[in-house]
Every structure is written in C-alpha cells, then in structure tokens.
There are 2 protein chains.
Amino acid sequence: MTTSSPFLPIKCGRVEEINTQEENLTKPMPNLHIMDPKLLQSMVYDALVWSSLHGLVVGDRNIQRSGKVPGVGMVHAPFALLPMSFPESHWRQACELAPIFNELVDRVSLDGEFLQDSLSRTKKVDAFTSRLLDIHSKMLQSNKKEEIRLGLNRSDYMLDEQTKLLLQIELNTVSSSFPGLSCLVSELHRSLLNQFKEQLGLDSGRIPGNASLSQFAEALAKAWKEYNNPRAVVMIVVQTEERNICFPQLCNTYDVSTIRKTLAEIDEQGVLLPDGTLLVGDHAIGVIYFRAGYTPNDYPSESEWRARYLMEQSSAIKCPSISYHLAGTKKIQQELAKPNVLERFLDNKDDIAKLRKCFAGLWSLDDSSIVKDAIERPEFYVMKPQREGGDPSSGNNIYGDDMRKALLRLQEEGTEENAAYILMQRIFPTIAPSLLMRDGICHKDHAISELGIYSAYLRNKESVIMNEHCGYLMRTKVSSSNEGGVAAGFAVLDSVYLT
Amino acid sequence: MTTSSPFLPIKCGRVEEINTQEENLTKPMPNLHIMDPKLLQSMVYDALVWSSLHGLVVGDRNIQRSGKVPGVGMVHAPFALLPMSFPESHWRQACELAPIFNELVDRVSLDGEFLQDSLSRTKKVDAFTSRLLDIHSKMLQSNKKEEIRLGLNRSDYMLDEQTKLLLQIELNTVSSSFPGLSCLVSELHRSLLNQFKEQLGLDSGRIPGNASLSQFAEALAKAWKEYNNPRAVVMIVVQTEERNICFPQLCNTYDVSTIRKTLAEIDEQGVLLPDGTLLVGDHAIGVIYFRAGYTPNDYPSESEWRARYLMEQSSAIKCPSISYHLAGTKKIQQELAKPNVLERFLDNKDDIAKLRKCFAGLWSLDDSSIVKDAIERPEFYVMKPQREGGDPSSGNNIYGDDMRKALLRLQEEGTEENAAYILMQRIFPTIAPSLLMRDGICHKDHAISELGIYSAYLRNKESVIMNEHCGYLMRTKVSSSNEGGVAAGFAVLDSVYLT
C-alpha cells in the first residue's frame, strides 16, 4: 500500500530534472490517532454543532425528498475533523500555477483546430465528446467568437511522497464543485484550532484563507457586468436533483438575479433572439454557469443537447463555453504534456517551465513502449477515460490487474477504443493518520489528500479583467481506497495546515 | 373564530382606562394568499436554500439519531415565509417594558416571603412547584444570598384585536428558548424582502434588528467576568435530547469555555467545595445556564433534584436561580396583577402604570364571581396551570367547554386543586393570511402571532450592569388552532414587519 514510485517519466513533456523542493516540515500535525478520547469526543461534538449552525450541510441521499426539496433531509457534509498538513512551498507553487493554467486554457480554447485534431480519434469512440465536438464544429463553421470569456477552473494536485513533487491530477473547467463547502471546512478547522488551542497546540493562522465561493461569485458578477444588460440574469444550469447550492451572494452582494434551470427546461423555454440574446422564460440571460452538463447522464435525450447548442449559439457568457469544456478534457491534458506543445500557446519560458514541473507522466495509448511497460508494471500507472467525470472521486479510473487486462484486450482487438483512454503516471501521496467524519461518526484511518486550487479568469475583447487563484478544495480519503489517488473512496472535505 | 372580546376585566390589577393606542397601519402587508404562484415558488425555494445555508435548522424528530448526534437528521426550522405586520407603537411599547419587567423580577426574587406566601396553596397541589419551593426554603433558612444575579427573560405578548392593547401572555425567566433561530428568521425575511423587492414592494428596513443570541451571549460572558475566576466555565444544563444548540459565540467572541451537562451528570460529577465553588468534572463552574430543568419531565429521579439543589447552594451565577424561576410562575404573574402589589416592588409610578397597562385580566380560582362568569361565558377566559411549561405552545391550557367542565368539577369537589390553576382573560389577536413553512412544504392559512421580547439583566452587589431588551421571538400559528393564543398548534418562527 505504501509503495513509492521509483519511476521517472521517459517520453512525456515533463522537464527531466527532478528538483526536489526543500522540505519545510517545521510544525507537523500531531498524530491524531493517539488523541485523548475525551478531547476527541468534545471536538467531534463541537464540530458537528458547528456544521449545522454554519450550513456545512448536504442533502442526505438516504432521505428521498432531500434532493428535490431544499431544507429537508439534511446531514453534515463529510469532513475531516482536523486539517491536513501540507508544505508551504508546495502550497505557494500550486497558487502560482493557477493564473498560468487559466491563461493556458484560454489560449487553447481559441485554437479550434488544435482541439478538433487532438480529439479526432477520441471522437470516434466516445459519443459524449463527439457531441461536444459537433457543437464546437458548428461554432467554428459559423465563425462564432466568444469575446467575453469566463473560466472558473480547479486544478487538482497530489504531492508525490518520494519525489516531493506537486503533480497535477487534472484540470476542471466545468462545474468545479464544492467551493462553498470547502470555505466552510477551513472556517470550521480554524474555529476548532482556536477553541482547542491549549490541547492541540496548533496555530489557526496556518490554515490559508479560503474565499473561493465569494470570489467565484465576484467573477460571475463581473462577467454579468461585462455583458452589460442590467435586466439580464445569471442562469445556473442544474441537474434535476441538485444537492449543492450555489451563489446566494450574487443577489445579496451584487444585486444580480439568478435563475436555475435544467437543460430540459432550457430546451422548453429557451428562445434565441436575432441579436443573439438568449431568453429563458421572461429572462434575458447574461451569464450561464453550468452545474450540470459535464456528464452523459445529464443528456438523457436530444432535448438536452438542443439546449446546450442553443446556449452556445447565444451571446450569453458561458461558464464554460464548449471550447473551455473541451480544453479541460484529459486528452487535451495529455496532448499539452507532449514536448513543444505548451510553446504553441504560451510565450513566457518561466511559465512553461512551471507548468511542466507539475505535469505527471501522461501518454496516449498508441505509445506502444509505454503500454508494454504498463502491462509489465501496472502498479506504476493508471488508465483514465478521457471523458470528464466531474467528480474525480467518481471512480472511472482503472488500476492494477484490471488495467493490465484492459490493455491486453485493447492490444488484441486492435480497435480504435484505445483512443477513449489515456495513461498516467501513478502518484503515491503521503499517507497520514486522519479523522474522517461521516453521518455523525468519526472514523480513524490512514488517509491521503488531494488539493484543488480554484481560479477565476475573465477577459473581454480588450484585456484580462480577472486572473487569480480564489481558494482551494482539500479532499482527504482513506488510503486503502487509494488506487492512484483519484479512485472512488470515502472522500471527505478537508483544509490545509501549512507546515 | 373571529369573535372579539367585548370584555373589560373587572377585578384585576389592570388600569381601568382603555387607552386605545393610535393605529399606524400605513404600509400593510399584501395579502399573501393572492400572490403569484411562480413568485411564491421562487420564494419558497430560496427561503429553503437560505435556511440550510445559514443554520436555520433543527433536528428532525422523525429521524431517530437527530436528537443524540448533532449534524445528522436535520430539517429547516418551521418558519413563516414572510414577516407578520405589527404596529410600530406597540413594538416600542413592548421594548420599553423589557427593562421594567427585568427590574420587577429581580425585586420579586429578593422577597422570599412573598414568593413562599403567594405559592403556599399551589405547593399543596403541584408537586413540581413544591420541590422548587423546598429548595427555595432551604436557601432562605441558610441565608444564602445571590449577590450577582443574571436574568435572561422573555416576556410574551399578543395584540388584542378589538381593544388594540398589547397584553402580556406570560413572562419566562427560565430557558427562554429560540434566541438563535429567531435572529435567523429576521435575517431570512430581510434577505427575501431585498431579493424580491420589486415584486413585493416591502422595505426590509422595517424588520427590526434581532440580536438576541449575541446579546444573551454577551450577558453570559459579562456574568462570567463578574464571577471573576478566569479558569471557570459556563455550564449549560441540557436535556438528554438537546436539539437546540446555544452560544457558540461564548467561546469564539469572548474566549469563555462552555460545557454541557445533564442534571444526572451534574449529580454524578458535581462537588461543592467549602468556599462555595461548584466543581463538575475538572471544571469550576462560573455561570449556569438552564436549557433544562423547567418541567417535571426533566426530573425523573431524585438524582436530578439533588443536582438542582447542589447548584443552588453553590456560588455559581445561576440563570435562573430558584428565586428567579419562581418569580416567573403564572401564580406570581397573577399575584402581581392584584391591586397594590406592584407598588410593593417598584417605586416609579410611570413604570407601574406601564406594566399595568399590559396586564390582561388574571384571577385566582378562589375568586368565585369570576369562576361563575367563566362557567357562563367560557369563550372569554382561559384556564392555565400555574406550572411553567417552557414552551408556551405546549398546550396545557384549558378552553371553552373543557374549561367549563373543569371549573364545575373543581367547584363540586371543593378540593385544593383549584390552586394549581389561574384564570386569564382570553385574548383575540388579529388574524392575518400567512404562509407557513414546515418540512419543505408551504401552507397557506389564516394565522395569529405572539411576540416575545428577550431581555437581559445583570447586577452585582453594587449596581446594575446590564438591563435591556435584546431582540425578539415572533411566533405565528394557524388561527383555527387558536384557543386563546397559547394552545398547541402549528407554530412557526416569524419576524416583525413594522407598520
């Protein structure tokens, strides 16, 4: 389980030099598993009370009405009782990467040819990506330009235990979830560290501020302002069962109205005016924020695809546009990791070097020497479907013996199906004792963490209006469920304790 | 149902003059029952979302673990979708009364003889009050003085429709519940009024600020400071199944630690040191706040009574002390309403007049002419058990034909049992269309409201440190369940819209 990777990527775009970042573990977390039981009990109680008083709650999937009616059948969101330690230097590195990735996504989104070419083989085997590419093609044909572009992204990282490298897992350009809950967990942990200061001896000031929700709201409000129609609203595209609730501050702080619509409702109620204005019901739509639409499940019929196409044709600012959506796919991530590809989009050599440094090994399945190695040493690779799953814990990845068999089958069949996957270096993050809260119960276990950095990007025809990191999402899960860091497992919300 | 009282109290301590307060209903609420269904649906949705994001939640009694484990099985607290209109002049009157009632309770609490005498007949028929009086007697005998006295009270009122008089329902000196939730409902309503400003045309500035929770916390913190032992804690006496959570800001804002204990735990872990210090577990107790102990159900065995006695003997500041607890009983309320009794405790004639003006008719059951009238015209009276029920919606009151039968039976039997009750003038408050939210469902109904004004009082040997109104609790319920205003019914939390 605790195997570390002895492995250096060979044929990927990563810089060869392994410049191990200096360790700075001056104030480590105490071993949470040897905590006084009474103290633990008090902390658990106070944390649960805190969660219900501060809205750190989600709909309980065990209660039927919880998804349909807000305010009923609620339970605290799963959370770690205490923050996870994380080296400050890596933290800074992750924050510095955010605006560079924002810029990269924006540049890639403008290169329609690159997107179409890179995904051309995927198109044949992945019906979902194929539909997205069709809409993208139509936009290219009609020469539709997105002049105001809004990206609310999240780049996910793990810290490789042996090399001490911060390695990117994936970049999400669509529905980067949990910004609200992640802020609350940071607040909860700060509150607990203050309350149990004497007993824990930890400094709440070492938990970085986390304003992702308010900064996402600010970005949406600024985008709305750029759209420049005071009567327009922000439309949030939701799944039929929407459990996570977003951006009440748009109305309260920025006086911007929001409406929520499912894709089916948008198809039913949406009209495109000749000037490009999208009307849904009585509302002109200024900005569209997708909380749905990132998975094939969100498109059960042609109706949903019509809605997506309708929105894309409109002048509304889409977060994300089809181009941004495609730029965040794993296939594009893998293409960008190839030598000399970043140089196609970025000029600044420092920026390019910084991005390369965080790239894990990433390969297409038509790289036969890598496939051969992965069959021989499956423990050092993970096979990922190209399709975005939204929640990286959703467990679509393939590991170990399953991966070996899948690769062998693909080799044998010689079909195009291998274009539906990429191979990635398997990362072995630090394992630490952790206390995981779910359903009111505290589980002691050994856990690993994944750090997501939220970032916002907004520009108009003339210039960049916003390009910054906005906060973070720390997710911690039981390490026995670790199949490379992004497998299904008992993941809880966490925060960062800088060491 | 809408019968108004044609009734003037005859033999009670109320001033005879009916000085109808000027009507000032300049900006009435719209009729909520003829609201656009789409608008209503949006408001319901947003209100439910707001409730879960802001901690306007309670444990769902239908879910077993909800009472034992915080953070699980939560549901939004029942609330009115929009505030209830209330005349500004009556609102001001209620606020002005708060410090006078605080002072009155304090003075009454010092008059041990008055408490014992007034409750002497009640003692014979009410075992619960009898036990409280026993502890009170022992304190008198040992000449125990409470030099630092803390009262967190709530005086409840209804507005009589016909006479336009603000009439007191009761005064709570123990466990004045809901301060936290009531603040949240005011915030929710302000948020909705802002969000739907155009459609509703209501001014959120007309909802009075409600800081009851933070001011109660401030009072507890100040009391703790008066106790003057930096290592002492605030102990909250809780029921075994405590669903309402209180005063996290004690720790966060004032750096005062709190512990929660049941009466049984206090009996088990409590020790009284020779200097009067109460130790519970490892903690010296500076202030005791009772969230339990106001109903016989909280004393299932001798253990709980031992705990209450132990606490009363200690130097800890008790909120309430036994004296304060007794001063808040209905029998004392009725005694204070007798002619010339207020004069025993207060000097300021204006204050006395203000209090009298809000006294409803209150009588002992040995007033035979009143009992006769109540048997003949039961619709104008309500019969109340002397014992404090905590929640005034708990439905111990007797009305109509049941009351008539009960009074006849008591007359016939000629027992002492009549000392367990008082008679009160029945109040007929304004009935208004209302939207009541429970379990995620919006009920349209005609409703009545009861206004509770929270107040805090703190003094030491030398002087009064705090004496002010702190916020309010508006409760609204379906008028068909109105049996005089304090019966059981579908009560929801509400806020005040000043007209």
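Note: Cβ is positioned from N, Cα and C throughout, glycine not excepted.
Keep in mind that TrEMBL annotations are predicted by a computer and have not been checked by a curator.
Positions annotated as substrate binding site by TrEMBL: B:ARG154, B:174-177, B:242-244, B:291-294, B:GLU450, B:ARG475, B:486-487. Among the features that TrEMBL reports, Mg(2+) binding site is placed at B:GLU170, B:ASN172, B:GLU388. According to TrEMBL, the ATP binding site annotation covers B:GLU170, B:LYS330, B:384-397, B:TYR399, B:424-427, B:LYS477, B:GLU483. Per TrEMBL, the feature domain 'Glutathione synthase substrate-binding' maps to B:232-327.
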Task: List nothing but the one residue from B:ARG154, B:ARG291 whose Cβ has the fewest other Cβ atoms within 10 Å; the candidates are the binding-site residues.
output: B:ARG291
Statement: For B:PRO385 (ATP binding site), the nonlocal same-chain Cβ neighbours (under 8 Å, six or more residues apart) come out as B:ASP126, B:LYS330, B:ASN396, B:ASN397, B:ALA420, B:TYR421
Task: Taking Cα atoms as reference points, rank the binding-site residues B:GLU170, B:GLN425, B:LYS477 by distance from B:GLU450 (substrate binding site) and give the first.
output: B:LYS477
Field: Neighbourhood of B:GLY293 (substrate binding site), C-beta criterion under 8 angstroms, separation at least six
entry: B:VAL174, B:SER175, B:VAL237, B:LEU263, B:TYR299, B:GLU304, B:ARG308
Task: With H, G and I counted as helix, E and B as strand and the rest as coil, say where DSSP puts B:GLU450 (substrate binding site).
output: strand
Statement: Rounding to whole Å, the Cα atoms of B:ARG154 (substrate binding site) and B:ASN172 (Mg(2+) binding site) are apart by 5
- request: Could you tell me which three-state DSSP class B:GLY293 (substrate binding site) falls into?
  value: coil
Message: From the DSSP assignment alone, can you count helix, strand and coil residues within the domain 'Glutathione synthase substrate-binding' (B:232-327)?
response: 34 helix, 26 strand, 36 coil
Statement: CA pair B:LYS477 (ATP binding site) / B:GLU170 (Mg(2+) binding site), Å rounded to integer, equals 17
- request: Give me the Cα-Cα distance between B:ARG291 (substrate binding site) and B:ASN172 (Mg(2+) binding site), rounded to a whole Å.
  value: 12
Entry from the binding-site residues list B:GLU170, B:GLU450 having the most other CB atoms no farther than 10 A: B:GLU450
